[in-house]
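What TrEMBL annotates here:
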| type | residues | note |
| --- | --- | --- |
| ACT_SITE | B:ASP190 | active site, charge relay system |
| ACT_SITE | B:HIS221 | active site, charge relay system |
| ACT_SITE | B:SER386 | active site, charge relay system |
| DOMAIN | B:457-586 | domain 'MBTPS1 third' |
| REGION | B:850-869 | region 'Disordered' |
| TRANSMEM | B:972-992 | transmembrane segment |
| REGION | B:995-1028 | region 'Disordered' |
| COMPBIAS | B:995-1007 | compositional bias 'Basic residues' |
Amino acid sequence: MPSVLLLCLLCMAHPVHPHLIQVCGGVQTDTQMATSEYGHAMVLRRLLRKRWVLGVVFGLSLIYFLTNTLKQEERTIRDRTLLEARDPDHRIPWKVRFNLGNSSRPITQCRNSIQGKSLLTDELGYVCERKDLLVNGCCNVNALSSRQYICKSCLANGCCNIYEYCVSCCLQPDKQLLLEHFLNRAADGFQNLFTAVEDHFELCLAKCRTSSQSVQHENTYRNPQAKYCYGESPPELLPI
Amino acid sequence: LNTILKYGLEAQMPWRYLTITMFSPLSTEYIVAFNGYFTAKARSHFISSALKSSEALDWRIVPRKNPASDFPSDFEVVQIRQASHSSLLTLEDHPYIKRVTPQRKVFLPDPGATCNNDTRWTQKWQSWQSSRPLRRTSLSLAFGFWHATGRHSSRRLLRAIPRHVAQILQADVLWQMGYTGSGVKVAVFDTGLSEKHPHFKNVKERTNWTNEKTLDDGLGHGTFVAGVIASMRECQGFAPDSELHIFRVFTNNQVSYTSWFLDAFNYAILKKIDVLNLSIGGPDFMDHPFVDKVWELTANRVIMVSAIGNDGPLYGTLNNPADQMDVIGVGGIDFEDNIARFSSRGMTTWELPGGYGRVKPDIVTYGSGVRGSGMKEGCRSLSGTSVASPVVAGAVTLLVSTVLNRELVNPASMKQALIASARRLPGVNMFEQGHGKLDLIRAYQILNSYKPQASLSPSYIDLTECPYMWPYCSQPIYYGGMPTIVNVTILNGMGVTGRILDKPIWQPYLPQNGDHIDVAVSYSPVLWPWAGYLAVSISVAKKAASWEGIAQGHVMVTVASPAGNNVGGEMTSTVKLPVKVKIVPTPPRSKRVLWDQYHNLRYPPGYFPRDNLRMKNDPLDWNGDHIHTNFRDMYQHLRSMGYFVEVLGAPITCFDASQYGTFMMVDSEEEYFPEEITKLRRDIDKGLSLIVFSDWYNTSVMRKVKFYDENTRQWWMPDTGGANVPALNDLISVWGMAFSDGLYEGDFTMADHDMYYASGCSIAKFPEDGIVIAKTLKDQGLEVLKQETAVVEGVPILGMYQTPSEGGGRIALYGDSNCIDDSHRQKDCFWLLDALLQYTSYSMTPPSLIHSNSRVTPPTGTDRPLPERLEGNHLYRYSKVLEAHLGDPKPRPLPACPHLSWSKPQPLNETAPSNLWKHQKLLSIDMDKVVLPNVRNYRPQVRPLSPGESGAWDIPGGIMPGRYNQEVGQTIPMFAFLGAMVVLSFFVVQLTKSKNKPKRRKPRVKRPTYLQQQQQQQLAPTGKNPTV
């Protein structure tokens, strides 16, 4: 609809082809106009002939048309870029804020890894059993089972047997470089995920999960023993 | 997920995809609705008088064969050949005829199959007209009205009309209370959604996880599903204000991979999705990365709702992930409360062969002819469990938004509320309907008085209750029988993880003979996520060996979960599982048949091909081969013949052969332990009889039916044929018997019965004093390999033999199992099974077979080598018998026989309530506490759709007060546009005016518009001004 409108305005702005005006506006027949005052019409006619009037009309319509189209395009672009293939040196616009583990701010409420069968990792990197979880969601640091930044069950390639240990290990402050490096080279398929991640804890939760990198032949793990990876490389490929 | 079969023709197998189907108008059939109720004769008279004017018209009244056809009716189905619009108008002109609408037809293709004529079925679907306004005075009355599940009530007519499913389920009651799903994040994993669809107002995000660069839906599946959940106009969804997250995980070609799902699921966890709908499914429950990921999602409090599958009415067809304990699996019903034919059913097959399947689906809801959003706009009607799943997902979304304390809502509590509130359908067993039909309002009441607790599904065990507890109710238990296993699911609403405290306690009721049964319980060590199993094995105590009666008791389970609010504390919940069984004296040996389950292998995980090679669209043997899945009809038949059928889920060494008359081995794919071969030989010498239904095994054909599985991106070579003939030959060789590697197919007659041999083998070798029947069949092997047809005469297919030792058993062999298998069966041969059982159990040789002229001298097996195992097969990967070895795989050491540790009974001196079901609802639920406002319920008057009226349903005002004007942002461009139009028309007027001026000076042209057109037709070549 806006483009039709634009076409009509375009032809009005070019009086060189008057018959085109008939195409656009000739639907209204002369009978309606028969009663109008000659003088009055003359003024309007002159006004209309003025280029600036036409220009203003055209301009307004153009602005309307463009804003409408652009708005639509903007949304499509935003949607599309999520998984579009890109040039290899493109970086995903990650926005992870790393906490360096030296924050003196006493934490009152912790996020934790929620899902565990028996273990949980809190955002400070403590792994503890469910029974040692405090009401605020943090691990009870005094409990025997609680350990911070523990890489138990993790292999040298950054893949672990137990998810909670993977998250805890990944939260180690010295893993920041590795993670940044990964984020800079992350495959486009992970763009959705890693551009939505906001901080170190969320990044580790997301990075340690099994993903398209964890499988061979789609329905088997590359390595069922060490499938949770905080590192860059996928799990080592074991023969079926 | 997606497989391409390279055999004969190429077929696509989208494993994880459930097709939904469309109503297509039948061009020649019309429903003629009358102004009142008239007899058939009067109706016929009216139509003929109305159509008298158009004599040339070829028409007839379609007879309706149902009990109602004897009574006056207000409609008639008329078939008109080459109906013109005018003839319809003449019909409508008749004073007694109210309306003429095209008849519609439901078309349900085999799911996934692109062209499969064999399983296609059609159902005529009729619209009825009602002039009765549906007025309700009070809500309680209304409940009875809309949820009455009696199928023979007079309201049946009304139900056949497609209406908004949200209103049938009374979502409007919750809407009027102000709940519309706001603040709930729903994810739809499907084929996407186009951006500017007019039905949706709160699409938060659309993401694409496929290799196609679009977010739009090119199929309509995803749009429909999203519409059922959240459409806000025309065909309304349940939760129009919910936050929609669209995940496009299927391409327009219905291709999808596990890895796409994994990444998309991770994103859903990060986004803290509340409800996730998966109108998808496939048979591969051993896709560990996928199954683990679904567990991970529910563990992160995502409520997963999934479609149970469209592979019904065959049993053993449940789809993953709907068959998981932590997922709400949804089956489909039609508007008359019948289980939809397509809805998958039967127990889960994960637990075979040793255990017994769980009850699924969890609930059923409308899935046939449901209206939802069309791909671009408008509405359409579709059918499938893909439709039923979003109905539940939408209802769940709406329910979540009604709960003030969202902490209480989790995948387990939601499922508990849904199944506790569901309405049971009469006459349908639990493996078809689960807990019954979704009842939104009752679920709302339960959820809003919910206290965290554990519950059981099924919530009681009544082995006498028919038909709900089929198959348990179909066979009483007796001393010496294989223990009956009921696989109960524990749902734990208290926390994602839990455990069973101490041990479950068996408490028999002494006044009700509870001491006549022994109970053993095994259970999940950890209940995670939100659920676990509780397998109850029931056996008859020795003292009741010749007793008949009912025994009752209960199993008490205490579930503990870490409490969130105090460190180290635990919440506990105790649940009672009532048990009621019928005991009969042990039947005589000849009546008892033992079914070998242990040697049946199936997909997943291995490629075990179909037993009928004609079924190219369904290449895998995946229904479990159990008497309660795809051998259900055979089981029912044997029961009706008075046989008692038990299942052996352990090696042959693990049963007492003196108890059984016949051991049945049907379509066995597994290998045999050497100890089993020896044991069976001894057993048969001592009087056990054996019936073997074999199937094809031909290595050339096996190589030919390999296919490229697009999902796993590798070639799939079958590990056995239809059956494992070389292994079977090892088992029966001691009696001088063997099957061949021939592959035969064809129709024939045997003892006056029409038979069809669907890809079976022949008998290669048989003792010379045995009875062998031969038939003329087609060589299907030649057909598969070289596309040539050849008829082979005298193919030995049936053999019967009495072993020579004194009191020795009998052996019967038949080369094809398809005629007793429910999947793809064309002609059953239960009569043959009867005859063989008469022979094996009672030593009565069927005269019709002996004296048949098809009897031949037994083959000696010298003309052709016996089949060898396919070289390089990977059977050892899936076998319980073989293990990989250097060179050939070798048998493992024989496993120990399963041992049940019977619970120590703690007898109680009490009696059970007479109705176990009614007493088993969630605890501490006070339905009266949750008061529903006494709202005046307005319903649009229902009427059948007239052609072209797709989206014209009136939504009564006031259902969603003040929701439409929230889109202020969208109205601004509208004003701008209107403004621009005003300006434009102003100038148009001015221009025309100015052009009119010269007319006053020049003589007027008579027909200016005409000239104008002419000018345009000449494409204005002269460049002259028109002479107006």
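Using N, Cα and C of the backbone, Cβ positions are placed for all residues, glycine too.
All features noted in TrEMBL, drawn onto the structure.
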residue  : record                           : CB count, 10 Å
B:ASP190 : active site, charge relay system : 27
B:HIS221 : active site, charge relay system : 26
B:SER386 : active site, charge relay system : 32
Reported mean pLDDT - the domain 'MBTPS1 third' (B:457-586): 94
DSSP-assigned states of the region 'Disordered' (B:850-869) in counts, ordered helix, strand, coil: 1 helix, 3 strand, 16 coil
Distance from B:ASP190 (active site, charge relay system) back to B:SER386 (active site, charge relay system), taken between C-alpha atoms, in Å: 10
C-alpha spacing of B:HIS221 (active site, charge relay system) relative to B:ASP190 (active site, charge relay system), in angstrom: 7
Within the domain 'MBTPS1 third' (B:457-586), residues counted as helix, strand or coil by DSSP: 12 helix, 71 strand, 47 coil
Conformational class of B:HIS221 (active site, charge relay system) under the three-state DSSP mapping: helix
Structural state of B:SER386 (active site, charge relay system), classified by DSSP into three states: helix
